[in-house]
Amino acid sequence: MSSVSVETFPAVNMLDLEGSGQVERTNWVLNAPKPPGICSEIVSAIRENVFPCGNRFFSVCKEPRLRNVMPFLEGVFPIILLCKNYKISKFKRDLMAGLTLASLCIPQSIGYATLAKLDPQYGLYTSVVPPLIYALVGTSRDIAIGPVAVVSLLISSMLQKIQDPLVDPTYYRKLVFTATLFAGVFQAAFGLLRLGFLVDFLSHAAIVGFMAGAAVMIGLQQLKGLLGITNFTNKTDIVSVLESVWKSLHHPWSPFNFIIGCSFLSFILITRFVGRRNKRLFWLPAMAPLISVILSTLIVYLTRADGHGVKIVKHVKGGLNPSSVDQLLLNGPHLGEVAKIGLVIAVVALTEAVAVGRSFAAIKGYHLDGNKEMTAIGLMNIVGSLTSCYAATGSFSRTAVNFSAGCETVVSNIVMAITVFISLQCFTRLLYFTPIAILASIILSALPGLIDLSEARNIWKIDKLDFLACAGAFLGVLFGSVEIGLMVAVLVSFAKILLISIQPGAEALGLIPGTDMYYSVEQYPMARQTPGVLIIRVKSALLCFANANSVRERIAKFASQKVGTGDKENAGVRTQLVVLDMSSLLNIDTSGITSLKELQKELASQGIELAIANPRWQVIDKLKLANFIGEVDSRVFLTVREAVDACITPKMAAV
């Protein structure tokens, strides 16, 4: 075929300046080096994440010994880099932030431990060891580590199906430590093997719905402490909880629990309102939970309200975190179930931690490595499971307090952990008369931050399918269980991915006047289509078994229509050439190649030629291996423009 120019372009291509003709550029496409195989990609990924210096690790190892050790240590322990430029002025701000954080962390940790069906001291243990480990290996400067409400609810709702904590609290506690170990192992594996994309299966919309549903369920479960109910259901669905509350109200109950809880809940919410109105009083809402605990404990002690129906915490064991190595259940009938629960906890905890860390990193303008964060969180939970801690992660509410208090580095976590440790050593006996209702009010005060109605409205406005995932997760948690809510969210997200993959669509392209660029004629009505030439781009990164037939049928339907400029003076003509723009196609499988072969035969039977433009590395390699290049008579080009110029016939050009 002769090469006929349809239009003269003022811009000069750099390739022409280098003296390379069209044939040579086509050879560049056809003779590209073989792309790296899956094994080499996996090895490269492991080097990038396992070794501190990434793929440069082996070259670094050849350098002098001292120069080897420091990059290695800095990669494993980012706190070393921090120490190089750490100043006393930063420490003052970190000290204030850490103390403020501890005042909020201590009462919250006790409350979250009761939510996880554990004794109060285990919440305090979880606020000592994990933050210290994270401070050594974590990369976020702002995140506050410790127990959180959603993970605590996950643990209690899933593990109590295996063992009722009221019947055998020792065995239940062993299950918690084992699930925490599995969660840490999964989290570390996600980071080391670059498997962070698994966390993304819980989409942003699904997380919004899940968090809101979990917040409602946590709030309903706090009615037990707020009303002083003794017999309460272990189920987490809204119907069972409300039914349990209704039945309990028909039995004798003390209103003093409700009065104490609601009074201090109002106090905490008022201080939060004041803190938002006046940023200089940021410490007031942070200190409010601790003040509430102190005041309520004094009130109960002085009035002896525990003798009048007010339920109290009683004994809280203090001292150093005891070892829990001998309590791990690494064999037994429930090992598989506990491992599955650990996986769910790992994904939810990572999702919250990475989201919190990235949010505040963006505000301060520094980069947060997601894979390193996953490894750090996994490592701290592994160590935590050996030291009587349950699953910890980054808390949004405490991180916001840490940020508002002016934290500079992770040293604020160290200050917080030391403060909690001192409290464990010296002050746990003072918590004996702390009312359960005050812990319920502290948890309730933290829940509004988990419900984001404005974001739910935005999701509805932007993407209705995303909102379906959001609503599905919310209703699943509310009327089913935490596991059902997560399952619904993942299934809806998968269904959305499959729907997009199965019906990716294809768009016709036209030439933008004054340029050599081809874009969608629907998006840009001014784009001109060359008469008789159909330029198609597949709107998918993968042409595979799920969408190959749909794409083939779509292109064949386009080819059966007449193609022209769209001008009234220049009516369209029958399609004589189809140019397949593969610039968006990242990969292809055997089903995709088979569909291209069928398309080529179908077009050839109608006298229509098929050309390929700008295929990606992996795509052209597979097309060559499948001998597809010969079937299209080597009509493979670097750009769409060259494909049109090279394949257009004089008859088509004259139209």
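Cβ coordinates come from backbone N, Cα and C, glycine included.
Residues or ranges marked as domain 'STAS' by TrEMBL: 543-647. The transmembrane segment annotation in TrEMBL covers 95-113, 133-155, 175-195, 201-220, 256-275, 281-302, 341-363, 375-393, 405-424, 430-453, 465-494.
Across the domain 'STAS' (543-647), DSSP assigns 49 helix, 17 strand, 39 coil.
The transmembrane segment (375-393) makes contact with the transmembrane segment (341-363): 3 or more of their CB pairs lie within 8 A, with pairs spaced 6 or more apart in sequence.
Using a cut-off of 8 Å between Cβ atoms, the transmembrane segment (201-220) and the transmembrane segment (281-302) share fewer than three residue pairs, counting only pairs 6 or more apart in sequence. Most Cβ pairs under 8 A with the transmembrane segment (175-195) among the ranges 133-155, 281-302, 341-363, 405-424, 465-494 are made by 341-363. Scored on C-beta pairs under 8 angstroms, the neighbour of the transmembrane segment (281-302) with the top count among 95-113, 133-155, 341-363, 405-424, 465-494 is 95-113. Recorded stretches compared: 133-155, 341-363, 405-424; the one with the most Cβ pairs under 8 Å to the transmembrane segment (95-113) is 405-424. Across all of the domain 'STAS' (543-647), the predicted model scores a mean pLDDT of 84.
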